[in-house]
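Asks: Next up is a structure, given as structure tokens.
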Amino acid sequence: MRPLTEEESKLVFAKLANFIGKNLIQLIDRADEPYCFRLQKDRVYYVSESSMRLGISVARPNLVSLGTCFGKFTKSGKFKLQITALDYLAQYAKYKIWIKPNGEMPFLYGNHVLKAHLGRITEDTPEHQGVVVYSMNDVPLGFGVTARSTVDTRKLDPTAIIVFHQADVGEYLRDEEALF
Amino acid sequence: MEEEGGGAFELPTAEEREAEKKAGTGEVHVVQRRMRECVRILGNFGKLGAKGRSRSEYLEQLIADISNYYGYNEFLAEKLFMLFPVAEAIEFFEANESPRPVTIRTNTLRTRRRDLAQALVNRGVNLEPIGKWTNVGLQVFESSVPIGATPEYLAGHYMLQAASSFLPVIALAPQRNERVLDMASAPGGKTTHIAALMQNTGVVFANDSNKARTKSLTANVHRLGCKNVVVCSHDGREFPKVMGGFDRVLLDAPCSGTGVISKDASVKVNKSDRDFMLLSHLQKQLILCAIDSINPASKTGGYFVYSTCSVTVDENEAVVDYALRKRPNVKLVDTGLEFGREGFTSYRGKTFHSSVNLTRRFYPHVHNMDGFFVAKFKVEKATKKSKSEKVEVKAGRKDVEMEVEEEDIGFDSDEDQKYIEESKRKALKAKGLRVRPRNQVPAPNSSVAAAA
């Protein structure tokens, strides 16, 4: 476990900013308790400093996880957000999209979001913007990247893709082995 | 009774049983009837027992029939049979054949029970609160969708968890801002329950010695939104060394699983005497490590909960009793669970500490949940004072004796010689050194000598 280097933090923050924009500051300067980012076996964890201090006493090979896992660095050095970060993304998301009940299961199986399943979407969402996907009763289901801006989606036919899938909560079942 | 079954019931003799064994297992309805008759006769042996046949013959026959009829190995059938009165034992074996109800626990970090129940009812799930003793549990009667793959499940609104698994956490009663250790935590049902009760404050250490199982543990911790959990993979016995000073510790010890036979029937045949010995040895090591990890000076806590999903005495009361003897600064306290049977204070010639009745046992045929055992300890500061007090008490006792028979005191070194030898051997053995075989008859009460 170690703090992120400057380059690593840049990569992580760039990815997060795509979803939560300026709310990133809320993650770093928290009112309740100081929190920090830590790297452990290629994975980035967001954890309260008090937990981190106690976690230090666990040896590196034995430490499996602490706090919330945000994602991991791939072997090629890119940072990939994982579904486990959904809690914080959903809390601070700038752009959101709600999908209808009939679109829930297809999305949870790892498919992209189609226009036909679109329930609601934040006004003026630009193209290629990170968005958090919710069900109609406000349960966060995953996140992805918009294919078109809000204005352009109006003209699309029902089978067109509007959000490219990045992660969904179905991965807890499908990819439990690969997640950690 | 005798008339309906076609002739009076007669217990087969040893030779007849031997013959039946050779011919293969008897017919099911014959065995069933024989079991019923044995239970009836054993219930009132003085009146109903046949002349010239002993009680143990009936018992032997009954146990043999149980192991045959329900498919247990004879050792385990006898072990479980001895836990109960005769009629109740049959109920217990019968209950192990039927599955327990599916139950789920609401994740209070994400939702409320009422909202969750509503959401699941809308998906075609028929459910109801478990009982008055928990305000987060729901019992599922039938469901048109797989209950472990609904969007609510994936979003972490609930955890699939047996009702019995709620009990140790309720007994532990973690408070906000505490430091809690779950020593054998995978797959995380109890860990996430603890985190939910602490409302994501303080810190929970979730340990499991099996690295492969920590994956599902971590996944569950994240799915249910527990942000104060540190997952690590140590052998539980390393624990006070890795980290100590916990306010509360939960040890859901690895066990034989005799309480969950309805879930995993392989227990019926694959457990032998040796398994029970190894398991209880491990449990005794773990329980001491768990007690030593607790900070006795904790302002809010200092509690330790020991639980197993087993019903046998040597994994439960015997282990608790061992801990009480080894650690004079711990004592049993009330578990805070309003139901369950009291633990045994004596069992088949063994006598346990009198406070062992504060522990709680749960049975499938009584409580309709898995067989379970929960004990709650309070760890106090190990004070020198209490020790000296004890010595004083002992000394006081001796004084009284001395007054009575004053001539007898004084050392007889010849007589003590064999005791001294014996304790020297013991000390060497404890160090792991090889001891030469003794060439004289072992002293009858060497334990007394060792204590002296």
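Keep in mind that glycine also has a Cβ here, set from the backbone N, Cα and C atoms.
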Asks: For the feature region 'Disordered' as recorded in TrEMBL, pick the matching range from B:189-210, B:233-254, B:431-452.
Replies: B:431-452
Asks: Among the residue ranges B:1-25, B:51-75, B:101-125, I'd like the one that TrEMBL describes as region 'Disordered'.
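Replies: Spelled out, TrEMBL records region 'Disordered' over residues B:1-25, not the other listed ranges.
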Asks: Could you tell me what the rest of the chain brings near the compositional bias 'Basic and acidic residues' (B:14-24), counting residues at least six beyond its ends with Cβ under 8 Å?
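Replies: Tertiary neighbours of the compositional bias 'Basic and acidic residues' (B:14-24) are 61, 64.
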Asks: Compute the average pLDDT of the predicted model within the domain 'SAM-dependent MTase RsmB/NOP-type' (B:92-380).
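Replies: That region's mean pLDDT is 92.
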Asks: Return the maximum Cα to Cα distance in Å (whole number) over the record's S-adenosyl-L-methionine-binding residues: B:ALA184, B:SER185, B:ALA186, B:PRO187, B:GLY188, B:GLY189, B:LYS190, B:ASP208, B:ASP235, B:ASP252.
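Replies: Binding-site diameter by Cα atoms for S-adenosyl-L-methionine: 20 Å.
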Asks: Just give the helix, strand and coil counts over the compositional bias 'Basic and acidic residues' (B:14-24), going by DSSP.
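Replies: Helix/strand/coil tally for the compositional bias 'Basic and acidic residues' (B:14-24): 9 helix, 0 strand, 2 coil.
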Asks: For the binding-site residues B:ALA184, B:ALA186, B:GLY188, B:LYS190, B:ASP235, work out the Cβ neighbour count at 10 Å and name the residue with the minimum.
Replies: B:ASP235
